[in-house]
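Accompanying notes for the structure given below.
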Amino acid sequence: MSRDETHRVNDETPTGEGLRAIVAARDVDTTPDTAEIRGLAAATGYTVVGEITQRRREDPTYGLGRGKAEDLMRLAAERDADAVIYDGELSPGQTYSLGELLPAGTAVVDRPRLVMERFTDAADSRAADLQLELARLRYELPRLREAIARDDAEEIRLRPEGDRRVLDVERRIESAKRALDGITDDRAERRTRRREAGFDLVAVVGYTNAGKSRLCRRLADDVDGSGESSVAESDECNDGENGDPNDGENGNHDDLDTVLATGDRPFETLSTTTHEATMDGRRTLVTDTVGFVDDLPHDAIRSFRTTVEAAREADCVLLVVDANDEPGTIRRKLRTSLSTVEETAGPVVPVLNKTDRLDAAELGTVVESVETVVDGARRDGLPVSGSLRPPVPTSAHDGRGVGDLRATVADALPTATETVNAPNGSHTESALSWAYDRGIVDGTTYTADGVRVVLAGRPAVVAEATRRFERS
Ligand SMILES: Nc1nc2c(ncn2[C@@H]2O[C@H](COP(=O)(O)OP(=O)(O)OP(=O)(O)O)[C@@H](O)[C@H]2O)c(=O)[nH]1
Ligand SMILES: [Mg+2]
């Protein structure tokens, strides 16, 4: 077994496909709940063949107490595990020490590494690819240094090779940074274009598995009755190397109105996609985003950054909560979501999804949990707390509450109204058709010498329409 295999400081990002893993988790206050890390492991292709949990404070050497770490070693040997998945972040020193203790060849995979593995091959653009490469190299570098420094026995033989590897990783970090700098990011420009075309931008964000994608598909316009939404495109920057960014999302409506998929899996959505949706007559572009999770450097992976940016720049944010979770879990996930988003330009509407499984009393408890977190966010002075609106219960499964949600979004969007009187003529006709195209005509009254038009919609679009009518 080479040191690379033992400590996983290699240059490739292996994925868990076909590998057997033991999950290890520690928590100070409660017995750890491993459901989420197991879900992440399964989504990355691992088969979980055992678990070790511990309730105690952080251990500086192994992340677990020595006794538990030894139990882990024995279990890994007994179950012939390829990897140990640790539910949290391990320092380079802890990664090395645990790797040393485990049977030779057992990889140590902590939460950040697991997420990076999940996102391998998911990048839908060269920029996303480079960002992931950069995150991975930055993560590996201190671990590689640690392994070289600590492996005294082999030091003399391996040091020159180790030094070469460190240099190589450093060079690759610089080169990925340079390549990223060279890619122009046209997302801001695209947002401007979309707004000029009369669309309001809605971002759907929240903890992984909350039901964001399903809700987006519910909200999306079904233009030709085919069950497919009208727009579904990747929001990555356009660098000409996109494959089909919509694989698995665009047109994937087969679960609508049918039985639920068995077994929830986190990180189904790996890049943002956008659908056209009408909210009480208001034309919007609804962006489905990548779910948040705890303990992650969200700015390291581009899809998360794109997600956070979509939330910050949207005219309205839907913050989806899985209302079926336990109150404590709801509070934890909501806090993570709020602190990841940090700040938004537009209002934020919490959406309590999956209410088809709840009775009224249970829903009341969920609302209380959400209010507790919102109050806490206000007390802590989180900038996003000022944008929070009352929560809206929905079910993306059976559609309940979705009508209310559309009305709430339409209400929350910035709106201007204007009444114009325009003379008959081709200028008026073309201004009117321009306004209809942008969905801002609220009513027309024809008179003997012209038409009275009531406009309502995005302030900038209403202003432009008014200018066009005045030129008539
Ligand atoms: N009962 C019920 N299940 C739902 C509802 N909405 C979503 N689900 C289920 O919840 C699971 C996750 O749904 P997704 O829409 O993929 O969740 P997501 O938030 O997009 O998840 P990520 O993309 O992984 O962050 C799936 O099994 C859905 O079928 C709902 O309203 N009710
Ligand atoms: Mg999704």
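From the backbone N, Cα and C atoms, a Cβ is placed for every residue, glycine too.
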**OP:** Tell me which range among 7-66, 127-186, 367-426 TrEMBL lists as coiled coil.
**Re:** 127-186
**OP:** Give the number of CB atoms, excluding that of Ser213 (Mg(2+) binding site) itself, located within 10 Å of its CB.
**Re:** 23
**OP:** State the non-local partners of the region 'Disordered' (381-402) in its own chain: residues 6+ outside its ends, Cβ under 8 Å from one of its Cβ atoms.
**Re:** 211, 214-215, 217-219, 257, 260, 317, 321, 323, 338-339, 341-344, 346-356, 363, 367, 370, 374, 408, 412
